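**Q** After the C-alpha cells below, expect a handful of questions from me.
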C-alpha cells in the first residue's frame, strides 16, 4: 500500500545546512513585508479580552498578521502563542502562518481571531519574560472560567487566590469578598469563597508578577494544564479524547488520562480519512504484537487538524531548529506539505538568553495594583525569581517544579484500540534526529541569566536548584558605584609590588577565615541543633578546626594592623619595620608547624564525616541540606580541606616576595625562612592531599550520577570529565563522559528533580584502542574507541579538546594495562541502566522517560538535596571538559579582592568584592558579607585585554566574554591586573597533561 504523504522531520541533522527560515522577531530581521493589495481589517481578541483591529493586505500570509500582533504587544517569546478562529464547520482551528489568510478565512471582515497560548511548556521557569508569564496567567484564568482546566477544589481555590492577589493586591476581607461576589473565576465559586480568602490572606506582599509566577507554578502541576481534548473512539467504539503535550500523545476518558505515548516510543503519526494512526517503535522487552494504534475521529478535517498540531508540538519541543521545507515534487504530490513554521523552544530560549532587550512597561487590564512592570524583579529571566519557586530539571532544558506532574510518565504500549494499517492519507515519521535538549527535560543554560542566586537556589530555598550558570548582574543598588570624581578622591595606596603582594595576602586571608568560620560556627551550630552527629566525630572536628580558626583569627588581626600602617604616613626611620610582612608570615608558619597534628588529620575528618553519613541517613540529610544554604557556596568537603589549600597559597605568596626582594632587603631573610618552612610542611602533607582531593571529587561525582554505586573506591582515580558528542544513527548526540583510571562511563542529563546524570554505558579501559576518525566519518574532531570488538565514535567541540581527551585516554589505558584492576562493574543492576562489558544499553526511554532521583547506592533519599552548580553541570552546559590537573591548578589559583565591574552597555563602574575559587567568580558587596549575591562559572569563557575600539578609557581593564555576553572588570594596579588575568585563564583554558608537566618542571 502506498502512503500518500511522507512529511519528513527535517530538523538539524549531521551535515545539514542551516535553516534560512525567519522566525518571530529573529535578530536583525523585521516582520515579513506586507504584500501589495487592498487592505482588509482583521479583528483579533487578545488574552485580556481587549479587541484590536489590524489592517493587512488580503494577500498576506498568516505570518504577517501574527508578527503584527506580537509587535503590538512588544512580545519577545511569541512562539508559544498562536491565532485561532472558528471555521465554517464551527470548529476552532489554528491559523496556518505559511498560507495566505484569504485561503483559510473566507470572510475575514466578519471573522474574529483569538490570540491564545498554543504551546504549553512543562515548567513555568522556561518562560523568561514577565510579559509572557502574564499572558500565560491570563490563559489559565480563561481556562479556569471555561471549565477546561479541571482540578480539585483546593487547587482551584489556590489558583483563584493568586489571580485576585495580582488584581486587587493584598488581602482585605471586605474588599476581597466583594470582589469575589462581583467577578466569577470558576464554576461554583460561592462554595469555595472562604477557602479562596484563606489562601489570599497568605499572599500579602506579593507583586502581580510574583502572583503570575506562583499561579503558573501551581497550574503546571495539574494534569489538565494546557490540554485541549479532541473527541475520538477506539476500535470497539468506546468514547475517548486525544490530546498532545510536550511529551507526546495522550489518551483521556472523560478528564482522566488513561494512557500516553511518549515521542520516543512513536515511530510515525499518520491519518487516513477519519482514522488517526500511531505507529510505535518495536519494543523487544514487551510482548506487543501490534505496532499500530488506531483511533476514529469525527471527520477527516478533525483528524487532519489533530495531526497538524501533533506535528507542531513534536517539532517545537523536540527539534533544535525549524524544519526545512520539502522540495516540491516534479510530477505528483504525496500527501500534505504541511510543516511547523517558527522557532523551536530551544531557539526561543537561546535567543532570549543571548540578547538584551529593553524592558518596556505594559498594562495589566484587570489589575488595580499600582505596579510598574518595567521595574519588576520578575520582568525577565535576567532578574530574581521568587524564593522557592524554581526547581531544576537543568540539562537539558526543562526546569520542573518540585511536584511537577506534567512530566509524562511512560506507560505500556497497550491502548484501547490497536490495528495494523500501513495506509494513510498523511504520515509524520517521528525520527528523533538531534532532538532539542528541551525534549530531554534538561535545564536551560542560564549562563547569562541574572539572579541573586548562589548554589542554584534562591533565598532560603531548600532543595531548589535552577541553573548553575548564574551571571553576576547585580542591581545598581547592589554595589557601590564608582565614578571619575570618586576615582580622583580615592586614597593613594603604595604602588610597590611588595605592598600589592601583602594586600593579596590580606584579601585571601579574609576569605580563608570566613571559610573556617563556616565549619567552626555555621556547620557546628547546625549539627548541635539537629543533634545527629556522633560524639567522636564532633570531638574530631572541633579539636581539628577550632585551633586553626583561633590561630588565623590572630594572624588576620596582625596583618590588618600592619597593612593599615603601611598605607598610612610614617617617618622614614619606621618604614622598614612596617612595610613588610615577612616577619608575620615566618611567625604564623612556625606556629602552623606546631599545629601540624591538626593539619595531618584533616583527611581523616573528611573520611570520618562521609562514613558517618553512610551510617546515618539523618546526618546525611542534614549535611546535604546545609550544602544548599547560601553561605555554603562550594561543596562542604572543599571547606574542610581549605587549611591544606592555604599552605599552597602561602608558598606562592612567599615565593613572589622572595623573587621581588633583593637578597639584601631587610625582609628577604624572613620570607626565605618562612618559604623553607612552608615547603617542608607542604612536602609532609602533599601525598595525603592528592589522595583526599581525588576522594572528594569522587564523592561529588557520586552525588551527580544516577545508577552508579561504589564510585569512591580505594585506588580509583578521576582523570577527566566533560562533554563529547556520540555519533549514532540519529546523528551527534551530546553525552557527559567520565574517565577514571579503570573505566570510561557516559551519561545524559536526566529529568529528575535534581537533574543528575543518568549513566547509560561503561567501557572498561583494559584492551581499549583509540584512533582519530575524522576522515572516516566526516565528523570534525572525532575519534573512535574500540573495546571488546565494539566501537564508539565520539566528537569533541574543538581540536584542542580532542587532543586532551585522546591524550588522557591513552594514559588511562596504559595505567589500566599495568594495574591489577578494580571492580569496573560500577553500574547498578536495574532496568534503566545495565552493564555488560561494553554493551550498548542506551535506549530512547532512558533519555526521555521520567525518573526519580536515585539515592546513594540506590538506597537513600538524601540525594533529593542536590547542588545544581557542580563542575559536571557547568561542563554540560558549556560543552567543555576539565581534568584532575585542572582541579589541581584551580586549588593553587584562588584569589580574592575588590574589582570594579561594568557591563557592555552600561555607564559607570560598580565596586564588588570578588572571590575566585572552584572555576567560578563569586560576587559580594563587601568582604564582610556572609554569602555571595551571585556567581559566574568561567568554564568556556575567554579573558582578554579590553581593546581601544571598545571605548573603555581606563587602565587595568580586562574583558570576560562568552558568546554574546561581555563583562568588563577593572583593577587598581598593574599587579592585580596580571594576577586576575592569570587565575582566570587557569579556569577558562583547560591544561593538557604535557603543558602542565612542562610548566611544573623544576628550573
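Placement of Cβ uses the backbone N, Cα and C atoms for every residue, glycine included.
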**Q** Check each of the ranges 368-405, 406-443, 444-481, 482-519 against TrEMBL and return the one annotated as region 'Disordered'.
**A** 406-443
**Q** Looking at 833-865, 866-898, 899-931, which stretch does TrEMBL describe as region 'Disordered'?
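**A** Going through 833-865, 866-898, 899-931 one by one, TrEMBL gives region 'Disordered' for 833-865.
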**Q** At least three Cβ pairs under 8 Å linking the domain 'PH' (892-989) and the domain 'DH' (497-688), pairs spaced 6 or more in sequence?
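**A** Stretch pair touches.
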**Q** Helix, strand, coil residue numbers for the domain 'PH' (717-814) per DSSP?
**A** 20 helix, 52 strand, 26 coil
